[in-house]
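Student: Below you'll find the structure I mean.
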Amino acid sequence: MEYHRKVVDMNTRELNACFLNHYFNVNNNDEYICIDRSNTRYNAQCLGGMQDNNITSEEKQLHERKMKILTRLFENSIDQEELQQKMRYHNGNIELVINDIVQQAVEKEKQQTNEESTGNASKQGNLQKEMEKTEIGEIKPGINLQGYCSNESCLASKAKLAVWVNIGFENIRFISDKTSLNCPDCKKETVTYIIKAMFYNSEYSININNDIKTIKDNNYESIYSIKEGIIYELKANKIKQHAKSIEDLRERSEKAMNSIEIKNLIIELQKYEITVVKPENVKGNERLLEKIRLDYDGDFNEAFDIGRFTILCDNSTKLQTAVAVMKKAEQFNLIVSEDKDYFNKLSKTHHRFHNIKLYIKKYDVYIEMQATLKNYTTLEGYTIIENPKLSHLFYEYIRSWKSNNILEEELKQYSNQTLNKINDIICEWIDIKEIQKISNNYKSHSEIKILKPLQLKDIKEEDINLNNNNNIYLKLIQFIYNQLCNFNPKQIKGKAIYVILFEYFKKYIIGEMNPASCYDIISILKESRKKELEEDITILQALETYIPLQANNYQLLDNDNNDNNDNKSYDCHQYIIDLLSEEKKNEQQIIILQGKSGSGKSLFCRHLEEILWESYINHSLISIPIYISLSKFYNPINETQLISQALQIKQINKEIIDIIRKNISFIFILDGFDEIFDKYYKYNHIQKYFYDRFNLNQWNANIIISCRSHVLNDQHIQQIFFNSNNHFIKTTMTYLWPFSKEQMRGYIHKFVQINHKNQICHYSNWTPQQYEETLQNYPNLHKMMEEPFLLRLILTVLPSLMKQHSIGTNISKVQVYEAFNQQWIDFHVQNISNKLAELRIQTNPNKIKSAFQQYCHDLGFQMFIQGTQIATENDDIQHEYDEIMNISHREKYMKNIESIDGNIDTKINEIESPTAKTKGSWKRYFYGDSIAKYMSKRTGENNTDEKVETKVMNENGSIPLKADDAWKQFFKGDSVAKYVLRRVGDNKYQFLHKSCQEYFAAQKIIFDILSWKPNIVNVIDMDNQQFQQQFETHIQKLSINYKLLNEELGIIQFIADRIHDINPIFADLKSRLFRIIEASKSNEDVSIAAANAITILNLANVNMHYQNWSNIKIPYAILDHAFLEGTNFNHANLNGVSFYQAFLNKTNFTNASMNGIYFGEYAALEGHLNDILEVQFSPDGTKIVSCSRDKTIRIWDASSGRQLQLLEGHTAEVNTVQFSPDGSKIVSCSRDKTLRMWNVSSGQQIQIWKEHSGSVKVAQFSHNGAKIVSCSQDKTIRIWDVLSGKRVQILEGHSGIVQTVRFSPDDSKIVSCSWDKTIRIWNAFSGEQIQILEGHLDVITDALFSSNGSMIISYSEDKIIRIWDVLSGRQIQILEGHSGRIKAIQLLPENSKLLSCSDDKTIRIWDLLSGKQIQILEGHSDSVSAAKFSPDGSRIVSGSRDRTIRIWDVSSGKQLQVLEGHLFTVAGVQFFPKDPKILSYSNDGKIRIWDLTLERKIQLTEGHLDTVTGVQFSADGSKIVSSSWDKTIRLWNVLSGRLIQTFEGHFDRVNGVQFSLDSSKIISYSYGDKTIRIWDTLSGKQLHVLEGHSNIINYVQSSPDGSKIVSCSNDNTIRIWDILSGKQLQLLEGHSSWVLGVQFSPDCSKIASCSRDTTIRLWDVFSGKQIQSFEGHIGDITSVQFSPDGYKLMSCSYDKTIRLWDISSGKQLLLLEGHSNWVRKAYFSSDGSKIVSNSWDNTVRLWDVSSGKLLQSLNPGHVLEAQFSSDCSKIFSYSDDKTIRIWDASSGRQIHSLEGHSGRIFGMQLSPDGSKIVSCSEDRTIRLWGSGNSKIIDITDTSFVKCIWQVGVQRYGLSMKDSVWKNTNGLTSQQKLLVEQRNGKF
């Protein structure tokens, strides 16, 4: 047989650029590693032929080397001389030389081809056929036979072409001319003649004629000719090694890799500057064994890559060169056994390489040579690919993965596909532009934050790695996740690989529908937010008109003016952004946002969310904002999953919540906590803190939570929002403030713009100016407009309001809502009608409107019953909640309607399937009232809907309240819901605003009450009793009887407003509420209705005094501030009723049940008989010790207030008292020159020290309790040993009285201060003086150590605080600011802030380090005697000589609360150490304890907030005007006591007010602002401000004709003003001192004035000239008055006289003497015949004008004023004793004494018709008095005069004078004591 071995010659063209650009040095060590190619200089000049004497030896060597390489490359193709010539010709440029030689070879070959084509055509044909023969069929690994097909129809046979048939790795035996193989062309077994055999990539053997000749070989391609007639047996197997063991294979491979044959091959490759990389070691056993097991079924001899070299080439030319060199391996005694080219075709793994297996005979082993380009390799150290291990590791995981199920198998396939895509990028199987396109989608992990896959949840990485065999699936997922988290590519390929890997991760590991990264989460949340807003059109529109809201750390009170410069607010949005931006490690922010209903909380939260999203997108914020409506998402059962459930509803998969929690930082905006408060608070009585209840500690989140003000009291707020022991949580409270005038204007402008755009209301053409001008006509709307939502409502309905209400009308809040909701419903009714009209369907709009209104009433009320603002279609959660909650609580409110429910349920069940009952409490609102029944069908159609509806509703129209059926009628068919409700979720609905729901619920309750009509059949002339009896049978079914309204102030307020509504529809509401209360006397089942009724009446400021309410049942009613004077509660059920600051004088509580009632304060600690000088808590806070000028010390139980010990022994006032550190002893010191020590438990005196020779000022225990230090007026300090009682030291040095002395914190030093103006520091052990501190300019009041003992803080009567360094004695800081004597200081424990209070009426807070003043707290009207920080340093309590206690916010400096009750100076105040209470003590000898736990629900704000200084009736007696120190004037309705108007403008106390002659105007004047103001009575507008006086205005009077005003002042002038224009007409000057009184003459031509200059002057009104001066008085003249006829003047004076003057002559007519003190006032009777006067001598005197005789002397006490009745028959006086007295003028006998005011009376007036009296007082109240149907002027001794109404909240707190509490049940001992102290009687 003829044997041929195919020899492949290298194509010289492929070598063209082999040696260009870089030069390689060959490192001849064993690893053949390429080194240092980048910095080698290449000299393109050739040495050959160049004469250059400067050529270096190095360059010569380079030239010689190049020649050798070229010679070896081209071998015999060119001789040396010709090569030298070409080098010279091309000047040594190798590239040109190679090109030249190759081109020459090409041309030579072309020439030979041409010669053959012209000379021997037949030969050319033969050659072509030969070529074609080799091309028929496909050569594959194994055995390939070439032969001829005998099928005549076969094209190959016809062309006589040989074909190749692949046998593969099988054995075959044949005779060449007797075969039948399958033809690759015709597919038939017709290849019958074999001419060649080829063995390809295999080990093979040939047996010829039965072992006559056998050939074995393993060359990768061998061809043998086949001869005829010979039997051939061919065998081929896959190339295989023949090692005996794996260790044997490793050893052989190691040796082969280091063999001389391989080294020679490598050296040859390196000659062409090709990099050869040898691994440091052959593959390790562990990886190798795994590979053999998985890939080769354990046959280690199939592992050929144990020894592998990597051949790296710079370009494709070098790659082909490397392949060519390796294919000539036989010259190195190597056999090429396999040759696979995967460089231009895809390999299985998509790697791009050329693989050659070399057989090393010596070791009978194979070595792989894998050649590729450097651009495509992933070999570490040589690759330019980022993260080169990725594809290899990915491959290893896939290769070793034996899938366990179909899902894993699918993932494995997808993994293979992904790996191929990655390799396609690495090896550039895809276009570079496509790679660039893929890489453009790259986002790094740091940017998108890859989420950990669910498969790895709760599995530790080390646990995954430990399980080597069975968990490849998890290992792969972990690997992919780690790669995505840690791989940060910078180059295009790396980014493209990352994108491919992430797409695989997202699609096949996470799941295409699930988020794979935080970026995905963000996208989902953004889309969810977008959808929420698109569904909630109301919020979208509101956001368009959003105006930034102002806020502060304290709440703006109702009486505060937001536009006042003293009220500094901040931008709420920016404040919260700043808080969130504070970067404090591990600290979480919780921001509590409080605001009134309608203040814009929800809108602000939505706006904040929008801004925070923008900040996140702009990378200025790292947390994602999530808005969560608590009313929508909160469910008590699953409250721990609140956030998770909210995220799920926002389309976040439940399974990934835990992963999100660990990877994303959030800002949760929890909106509307007030709306869930009831359920929240009742569901869990143990754990209150919302942060724990909502599991917020599991989230990396800051929290913003909004809540309506006043829903939670202080205790709730503390428990729910602040009850954290976590030091890494910072909680901040901020309060939204009402709109300022500027914000209102801005909103109006925005509203107008949006209205033009969106047609919000019908009047879209109104301008901002029109709105502002119209609003000026309705001043009472201005306060409402401070709330953003209300402002929007008002603007929306203002044009229609203007039509319904005349200018100046007091429009109530409920009327605004009525107009808005009317317009809202009209709008939807019109829309429906229009749409149906287009379909030619007739409608009845009135019926549709009625249906809408009824629907809203029912749904609003049902929301109140269910305690939610969200109506949910198909709501299963509510049903589950009701099952779990204590059902008895619900039954308490619903037991009276079970029979009703039963009827309704039965009928509903007839219509609905039984399963429908579980679909939730909202169902009936979405499946009930259809609008279809209100349409008229086309002719011929019947409407049966109304009959169906009749079945659903019961006889009284009430709503079924069973939780599972309550909502069924609200969501069904063409539901009203979609027209009038706001859709806030997939199946969530709510009203436009919570206040709208409250309005509709209130309307339901109101119309329920008013719609009842008595049955008048068979009844003639129904009397009140019959009416009441019928009404009482119906009350039980009323909506008002379902549930207490206590937590629903909005509903209460709406109902209360209707009580005073002038619409006749509501005329009976007030009387029917009283009837409901009356009904509870005999029916306990209406107690809820009665409690609600009385609460509503109270909030409506309806006086409930002198009611006969014996036996009524009103448990849990709110009667805060209620006016209940004289009311009879005999046998009443008052359990749980709140009487905070109620007026209970003369109220009868006999036999009443009063369990759990609340007074808001505790019994005072009474016992001391004189001023209390000091009070202190024991160290454990359980006891209180006090000392007094009464020489006693008393110990009290802090909890009960009970006196535990009375310590007597001192013989003079006790100056100070102190507990020992362990609380077992007390030390006291006294003016009796002694200090004493007492046993606390026994009250026994333990020790007495008598060594001091003067009053002992202070005695104090050391901190360890071992010593006592004392100081005295004797100028000494003494130290005493507690145990022995001996004096230890006497410290002398001060030259004045030692004021105070204290131990340092470590007891090593003592500080003392003295009247000698020095402070001294002493060594407590030796008694030596250490330092003397000098600097104060006056007596030093006190000095104290800082908490660490490093500083001393002192204050002095020089009004300065000084801070000293203890060690050096140096003065560190001087704190100056107080303008009065400093009374006390206190230092916070952490030494950060210092508190001081002073005679200058201020409290100041200082920064101790900088010495700067932080806050100045102003509000007290007199010296501040004491001030203390709260234990947490957030608040301050202060007490003053003004008798008030005030609580302040430290951060804002704002006054939070005023507590009144003490009768004299409040000497000391302090917070309880642990309880929410305040202790105060006073010179009135009482220690009072105030409760701070509950914030009162009912806030009565109609009354004045300070002393009422004046009152006056209007001319027709229908109105009363009042003035006050609260800077306001108020107008009241006489009939109802209802506030009509509030006039604001004065900026200081208003001291007087009066109507103009026709009552169309009101005139007021103020001491402080020195102005007179004229107001329009009807509209409330300020018409004029009269300015000119430069000092206090003492009095103002309008002229009898109503055209002018006269005023007098302490600036010694009188001024006359024109009322219409407000202009000053005259300035009257002449008095030399204050003008105290002034009056017009009856004819308006003259003015009389009186002054401190003791003169009376008469002036001409028109000229302003002085007409007359009357002199005679020798003291200040306090009053002057014209006689009714205008001919006489009367004056009274401090000279105790009254004088009568003749006007024309100026002569004194009469001198009335008899008063023994100053005469205050005197008045003529209406007929001018008598004069009444009152004096500081406590008498009222009646004089005869004609004779000057004294007619009567009355002794009512310290009378402030006395005046005649209009008929002169009676005299009315009011006095400092808080009474008004009525006297018979003729007899001088007292007829009546009117008692009720709890403070000094400031003013009184009789009504024009004489029927009533109005009075005002410093107690802040106004009272109207009357006598039934009789006039006051006609009363007799037997007449009954009582208070008709009282307005205002009296300032002295709870009043119980003469109240009766006989046999009451349920009062605690503390409450009983309080009653007794307040003069109640048992």
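Each Cβ is built from the backbone N, Cα and C atoms, and glycine gets one as well.
TrEMBL entries are annotated by machine, without manual review.
The model shown is predicted, which means the values in this text are computed figures rather than measured ones.
Reproduced below are the annotations present in TrEMBL:
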- 108-128: region 'Disordered' (REGION)
- 114-127: compositional bias 'Polar residues' (COMPBIAS)
- 232-259: coiled coil (COILED)
- 590-751: domain 'NACHT' (DOMAIN)
- 1249-1290: repeat 'WD' (REPEAT)
- 1291-1332: repeat 'WD' (REPEAT)
- 1333-1374: repeat 'WD' (REPEAT)
- 1417-1458: repeat 'WD' (REPEAT)
- 1459-1500: repeat 'WD' (REPEAT)
- 1501-1542: repeat 'WD' (REPEAT)
- 1586-1627: repeat 'WD' (REPEAT)
- 1628-1669: repeat 'WD' (REPEAT)
- 1670-1711: repeat 'WD' (REPEAT)
- 1712-1753: repeat 'WD' (REPEAT)
- 1752-1793: repeat 'WD' (REPEAT)
- 1794-1825: repeat 'WD' (REPEAT)
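Show me how these features fit into the structure around them.
Tutor: The average pLDDT computed for the coiled coil (232-259) is 88.
Residue counts for the repeat 'WD' (1249-1290) by DSSP state, with H, G and I taken as helix and E and B as strand, are 0 helix, 22 strand, 20 coil.
Same-chain neighbours of the repeat 'WD' (1291-1332): 1254, 1257-1258, 1260-1264, 1266-1267, 1269-1273, 1275-1279, 1338-1345, 1347-1349, 1352, 1354, 1356, 1364, 1366, 1369, counting only residues six or more beyond its ends whose CB sits under 8 Å from a CB of the stretch.
Beyond the ends of the repeat 'WD' (1501-1542), by six or more residues, the same chain brings 558-559, 779-780, 808, 810, 1060, 1101, 1103, 1548-1555, 1557-1559, 1562, 1564, 1566, 1575, 1577, 1580, 1799, 1802-1805, 1807-1809, 1811-1812, 1814-1818, 1820-1822, 1824, 1844-1849 to within a C-beta distance below 8 angstroms of the stretch.
Same-chain neighbours of the repeat 'WD' (1670-1711): 1636-1643, 1646, 1648-1652, 1654-1658, 1717-1724, 1726-1728, 1731, 1733, 1735, 1737, 1743, 1745, 1748, counting only residues six or more beyond its ends whose CB sits under 8 Å from a CB of the stretch.
Remark: secondary structure over the repeat 'WD' (1712-1753) totals 0 helix, 23 strand, 19 coil, with classes taken from DSSP.
Sequence-distant contacts of the repeat 'WD' (1752-1793) (same chain, six or more residues past either end, CB-CB distance under 8 Å): 1714, 1720-1721, 1723, 1725-1727, 1729-1730, 1732-1736, 1738-1742, 1799-1804, 1806, 1810, 1813, 1815, 1817, 1819, 1825, 1832-1833, 1835-1837, 1839, 1841.
Same-chain neighbours of the repeat 'WD' (1794-1825): 1125, 1145, 1503-1513, 1515-1517, 1520, 1522, 1524, 1532, 1534, 1537, 1760-1761, 1763, 1765-1767, 1772, 1774-1776, 1778-1782, 1831-1834, 1841-1852, 1855, counting only residues six or more beyond its ends whose CB sits under 8 Å from a CB of the stretch.
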Student: From the DSSP assignment alone, can you count helix, strand and coil residues within the repeat 'WD' (1291-1332)?
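Tutor: Final tally across the stretch: 0 helix, 23 strand, 19 coil.
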Student: When DSSP states are grouped into helix, strand and coil, how many residues of the repeat 'WD' (1586-1627) land in each?
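Tutor: With helix first, then strand, then coil, the repeat 'WD' (1586-1627) has 0 helix, 24 strand, 18 coil.
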Student: Which residue counts does DSSP give the repeat 'WD' (1459-1500) for helix, strand and coil?
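Tutor: The breakdown for the repeat 'WD' (1459-1500) reads 0 helix, 19 strand, 23 coil.
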